[in-house]
Amino acid sequence: MIPLINIKETQPYIYMVSISHKLLCHIKVLVAQNKSILFYFNLLTCTSPSVVVNLQCPTTQICVSKCPERFLTYMEIQFKYKNDSKYWTYYSQFCRTTFLKPVETLSQVLLDNDCPSAIYPSKPFLQRCFPDFSTKNGTITVGNKTVFDDGSGKTRNAAELRIAANGINKALDARAIGVKVFEDYATTWYWILIGLTIAMLLSWMFVMLLRFTAGLLFWIFTFGVIGIIAYGIWRCYLEYSRLQEHPGSQLNVYTIGIQTDISMYFRLKQTWFALMVILCLLELFIILMLIFLRDRIRISIALLKEGSKAIGYIPSTLIYPAITFFFLSVCISYWVVVALYLATSGAPVYKVIAPQGQCEHENKTCDPVGFNTTEIAKACPGAQCHFAFYGGKSLYHQYITTFQLLNLFVFLWLINFVIALGQCALAGAFASYYWALKKPDDIPPYPLFTAFGRAIRYHTGSLAFGSLILAIIQMFRLILEYMDKRLQKAQSNISKFLKCCLRCCFWCLEKAVKFLNRNAYVMMAIYGKNFCKSARDAFNLLMRNILKIAVMDRVTDFVLILGKILVAGCIGVLAFLLFTERLPVIIEGPTSLNYYWVPLLTVIVGSYIIAHGFFSVYAMCIETIFICFLEDLERNDGSAERPYYMSQSLMKIMNKRNVDTKKQ
């Protein structure tokens, strides 16, 4: 329900409602008069860009029973009324209020928005009065006229009116699209929920099956890459051999020079030879890496399988992303409420806005009550007093911007704290799995709940400190981005270079701090030390095993990215077949969708987000088990006093054994 603008209190209650894709006029008091067509006072104002943004033409609109059929201006009516009152009777049906005769001046009518300054021949279209356009000898006309008087003394042409009508059409199209999208969601919402539920099941199955398929997936991908590069080498060799026998094979890069057409370079044998050499070097590098890092790759795959087992023994960890989402929603709501309170904590300030921007009083403060009777309204016909912002001159209002920045900083701090709390709780749960000597018998009951309680009770200060460091870095990045946008036009080449360097440095610093914090929370969950000591121990441990970390991160990233793409892709294919009605034999999906890609994209994006939530838990599991594995190797030796806690598969890869195993 969208109220019409500029309607007096004396006017009957008029509004528009949406019925069966059409926006119709509805008049509670004058229903019997059948005024169901919307009429615009000044259609020429609809050329403003705000028409598309606000989906509303910034002019007075009323409901009428029929559209105008002739050219008439208010000033013409004032003269013709003296000879024949029928002219005013016809013209007054397009006025907002009822007058016995046109006694008001044109300026007063424009100020009060009582009547249009002019009417044009129009026809109803989509329950609105649109100009009656036609073409005469290739020229656009309105009512067989190419030019006309707009009622204010200016001569306008039909092309200007056509542009204004197109502006309304864009607004109508935007509204129509919005209604159709809403209808598609209303038709397919339960199918979307079913798709997201299937995505949850697929994500869970993928994580559970990784204990069997992690190695297979990695080696299929690796040999696939090797095969693709080998095909590229063979293709480059064929092209090089073909061009070698070509008459123009002696051409080189220096001969043709710099060309804008890139395809010219692919006609040179030098290009294909260079590509073949590059691909050969890349192929050799990958093969050598696989040969020399084969043991570390085996360890990484074994840890991936161990992570799948850990989640299988502690399935409650897969629910934790929902808890994190709830806490994040609370933080975001708090930030929005405080930001809105600060933004509106003041007296409303109104500014003068002129229609053409030609007024000496423009942007001056004004009082909307009785504005039409002030000297400003008389000096600037058509000027309006609009709300600008909330403000004041007290000491409090002078520091509103500072309070907003402080609120933003607290928001970043809370968001990072919630994420850190989740990482520490998950790390504690998975660490309790790893340090259980007999799995799963020695795993403590309710490990996730216990780890969450420990994190809240003993590590709140450490989590807050780690989050504070990250929030400070993110705040500096936001300030840097804000200054870049404000000073973009006044930057020299040196300042742009320094800006890029700063942005790169802060981005790298944020990534490094996030990585270090995450590992510090793992050490904190294992030993219960404070943040600084845990960060130091984690950093030293990682530096002593830098090569293992590099291999482990790459293998884990590949598996997680492949899992997300696999889940979102499978659900996307099923949704595409369902929403395009290509599975009528198996299942009958929704019919007559306006835009099938709307629910399709919703399902794909939602599936990816769900998979990301599941795999974020898995990534934290792998990182925790990896840190525990490195600690296990360094502090234990397999004796009865210091047995290894790693699984039998890891012991076999590392060629380690416990004393009890040897005796057996």
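For all residues, glycine too, the Cβ spot is worked out from N, Cα and C.
What you are looking at is a predicted structure, and each value in this text was computed from that prediction instead of being measured.
Cross-referencing 456-480, 531-555 with TrEMBL places the feature transmembrane segment at 456-480. In this chain, the transmembrane segment (600-630) lies in contact with the transmembrane segment (318-343); the count of Cβ pairs under 8 Å, excluding pairs fewer than 6 apart in sequence, is at least 3.
Contact between the transmembrane segment (558-580) and the transmembrane segment (216-234) is present: at least three CB pairs lie under 8 Å, with pairs separated by 6 or more positions in sequence. The transmembrane segment (405-436) and the transmembrane segment (189-210) are not in contact, since fewer than 3 Cβ pairs between them lie under 8 Å (pairs 6 or more apart in sequence). Of the candidate ranges 189-210, 216-234, 456-480, 189-210 contributes the most Cβ pairs within a distance under 8 Å of the transmembrane segment (600-630). Same-chain neighbours of the transmembrane segment (456-480): 408-409, 412-413, 416-417, 419-421, 424, 499, 502-503, 506-507, 509-510, 513-514, 517, 520-521, 524-525, 528, 530-531, 534-535, counting only residues six or more beyond its ends whose CB sits under 8 Å from a CB of the stretch. Listed by sequence, the residues of this chain that lie at least six past the ends of the transmembrane segment (189-210) yet keep a Cβ under 8 A from its Cβ atoms are 304-305, 307-308, 311-312, 318, 559, 563, 566-568, 570-571, 574-575, 578-579, 589-590, 599, 602-603, 606-607, 610-611, 613-615, 618.
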